[in-house]
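What TrEMBL says about this one:
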| type | residues | note |
| --- | --- | --- |
| DOMAIN | 12-255 | domain 'MHYT' |
| TRANSMEM | 17-36 | transmembrane segment |
| TRANSMEM | 48-68 | transmembrane segment |
| TRANSMEM | 88-108 | transmembrane segment |
| TRANSMEM | 160-181 | transmembrane segment |
| TRANSMEM | 193-216 | transmembrane segment |
| TRANSMEM | 228-254 | transmembrane segment |
| TRANSMEM | 274-294 | transmembrane segment |
Amino acid sequence: MSSDENTISQHWMESKIFLSYLIAVTGSFCTIQLMEKWRSAIETRDKFILLLLSSVALGGCGIWSMHFTGMNALELVRDDGTVLTVDFEAGLTILSLICAVGGVFVGLKIASADPFFLELEQEKRKNILVKDLATTAMSDVVNKQKVAKRIKLIALFSRLPRIAGGGLFAAVGVLVMHYLGMMAQRTQASMTLTAGVVVVSVLIAFFTATAAFWILFRALTFFQDSELLRLGSALVMGIAVCGTHYSGMGAASYTFVENGMGSGGVHFKGSQAAILASHGSLLFCYWVMTWSVASSAGIRGFLPGVDAVDLTAKAREHPSLSDVMEMYLVAHKEAAELEVEGGQLL
């Protein structure tokens, strides 16, 4: 068999690529809604269930289902025009789902402890701001516009280790899921990965996961009244998820080999896996969003002890950036008065 006959070209179906992006956006939007409820929940059990649902929505639906839908968007075509059938080994496929959900769960758990995301006491918020703004001169305190600008920068970009740590664990889970999913392919071809592109995909995974968590745990915290921002954030998070997936796919090249990627074990047909993943994820997200909308309208949800009306009211207690600015001004003046009383100059 000549080398030309071993050549396999990769053809992409734009409609399935768009569907994979839609799935990523839907999973991201569900996660945003669920984590807002998580922040206002009180009971430990309720927080755990909401965190688990968020992990399934993002890791299982937004990432894993997007991955297999995106994999199905790829056609492997031989030089003679024959399209290879691609199946997926069941064990590795299920393991990849567990890795995706598990990595996102740990990442969300770490990032959700971000001090600006948690429902902290106002006194603790003031202490954080006073410490971070200790170098601000008293002459600048009266300039609310200048103080507000600095507070925005601090509130949005300071104290990010937890968000970065959460992004790291989520990225590891996503990467393990991605390459396990690629190893699960069963077709008449051998797969070769380009090391340089793999490294790039790792970096993209970390930075996009961290950026997605920054949007979720920091930006949306201070602009939570904007539905348009929620939708825009989900669209951006969808781009981040797809960017990680398709950069990883770009590392693979294929050569025709009879039984090249194995034939043992229980298999899912590629088309069936994509249909199951896409339909299942969209149905799950539809169920979650229906519950979220119904509970926000005053109907008690399925979580015992969680009344959505109370959660909505509690969510409004979280300060906007203007509230944070006012809290800082008060705290700064209090600190100045204490130092003057102690015989010190600010």
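Here, residue 1 is simply the first one shown, and the rest follow in order.
Using the three backbone atoms N, Cα and C, a Cβ is placed for every residue, glycine included.
No curator has checked TrEMBL annotations; they are predicted automatically.
In terms of C-beta pairs under 8 Å, the stretch of 88-108, 160-181, 228-254, 274-294 lying closest in packing to the transmembrane segment (193-216) is 228-254. The stretch in closest packing with the transmembrane segment (274-294), judged by the count of Cβ pairs under 8 Å and taken from 17-36, 160-181, 228-254, is 17-36. Mean pLDDT, taken over the domain 'MHYT' (12-255), works out to 84 on the 0 to 100 scale.
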